[in-house]
Amino acid sequence: MIPSHRLSIAQVAARTLAIRCGLVGVLVFSSLMSALFSSWPATTFNFDYLLTLPFLLLVIPYYVAWAGRRLGDEEDGHERFGQLLQGRRAWCWAEQKTYVLAWWVKFFFIPLMYAFLNDALVGVLRFSWQGDAVTLVLGLFMFGLCCDLVIAFAGYLFSLRLLGGDIRSVDGTWLGWFSCMICYPPLLGIFHYIKQQVDGLVWSDWLLPNGPLYWVWAVLLSGTWLVYWVATASFGLKFSNLSWRGLVDRGPYRFTKHPAYLAKNIYWWLHTVPFIGVQGWADLSRNLLGLAFVSLVYYLRARTEEAHLMAFPEYAAYAAHIERHGLLARVRRGLGGQR
């Protein structure tokens, strides 16, 4: 039976104020990023969100009261931050840290995911489907990308305690944030500049569709994206960077702790083929160092995430289980490395 707890008027007012400030903050942040960085792709989001925002601000108090009857009247982050804004509570970073950082995650990723999803949907709708295998693979890739972005966008949008997907902790380290942010605009330009190859060739410039190796390579590349997408789908509405929203140990996460990062790494090396098109050791070294930087970024993301999540007993137990029974542990045992 669903519990019924009425929130007081003061509780509704405090929570409403906090959520309204957060919703306005999303638009302010994205608008500032659009003004400061030409690479910020959220112009369409800013316009669409501006049209939606008045309705959201209007219904928030009704949502707060309705959700409160189902979740109980226990004080939450919305209420504490709202009381701070009302002058009824003293500032304490330790108390407000998770709430503030959670909104910063939303400020950044909600506009980005909306923009990426919008572009992907337009690409699918305009895609010219044909009968040849290359076009079919490309079309399926674009469709898969749309599905991936729908899940990612929904994860940030519906980070609600009512749905069991509230953000319970956020990485508070500069290294954790930087290693994540460099994979997205506007810092993505730095990422691409450092990993840039001397020759600019990719695998499809090296192999031709009439050769068997082309299709072997295509299957391997498709496999990396499939693992990445299934890893995203495994999160469901819990998907979010830099955040702890509960343990995810299904899908590819049954076998390794960071399947998405592993798949992305393999993809970049297979897609870029750094040994093709080089004219000497200097070119090859530059190409390899560029891709080594990519691997370093994802390694840092994995390490900082683990350092953050190991504070939670269920994740620590999961990590220990993967260490003993994960895919790499099985391979080591198969090779006689461990018994």
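Cβ coordinates are placed from backbone N, Cα and C, and glycine is handled just like the others.
Remember, it's a predicted structure, so these values are computed and weren't measured experimentally.
Within its own chain, the transmembrane segment (12-37) is flanked in space by residues 43, 45-46, 49-50, 53, 56-57, 60-61, 64-65, 68, 76-79, 81-83, 85-86, 88, 99, 103, 106-108, 110-111, 185-186, which lie at least six positions past its ends and keep a Cβ under 8 Å from the stretch. TrEMBL lists 12-37 (among others) with the feature transmembrane segment.
Among the features that TrEMBL reports, transmembrane segment is placed at 49-66 (among others).
The transmembrane segment annotation in TrEMBL covers 98-117 (among others).
Look at TrEMBL and you will find 137-162 (among others) tagged as transmembrane segment. Distant neighbours of the transmembrane segment (137-162): 67, 70-71, 76, 102, 105-106, 109-110, 113-114, 116-117, 120-121, 123-124, 127, 129, 218, 222, 225-226, 228-229, 232-233, 235-240, 243, 245; these residues of the same chain sit at least 6 beyond its ends, with a Cβ under 8 Å from one of its Cβ atoms.
Residues or ranges marked as transmembrane segment in TrEMBL: 174-194 (among others).
The transmembrane segment annotation in TrEMBL covers 214-239 (among others).
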Exercise. Could you pull out which residues elsewhere in the chain have a CB under 8 Å from any CB of the transmembrane segment (49-66), counting only those six or more residues past its ends?
Key: 6-7, 12-13, 15-16, 19-20, 23-24, 26-27, 30, 78, 111, 114
Practice problem: Using a Cβ cut-off of under 8 Å, list the residues of the same chain at least 6 residues beyond the transmembrane segment (174-194) that approach it. | Solution: 33, 36-37, 39-41, 108-109, 112, 241-242, 290, 293-294, 297, 300-301, 304-305, 307-308
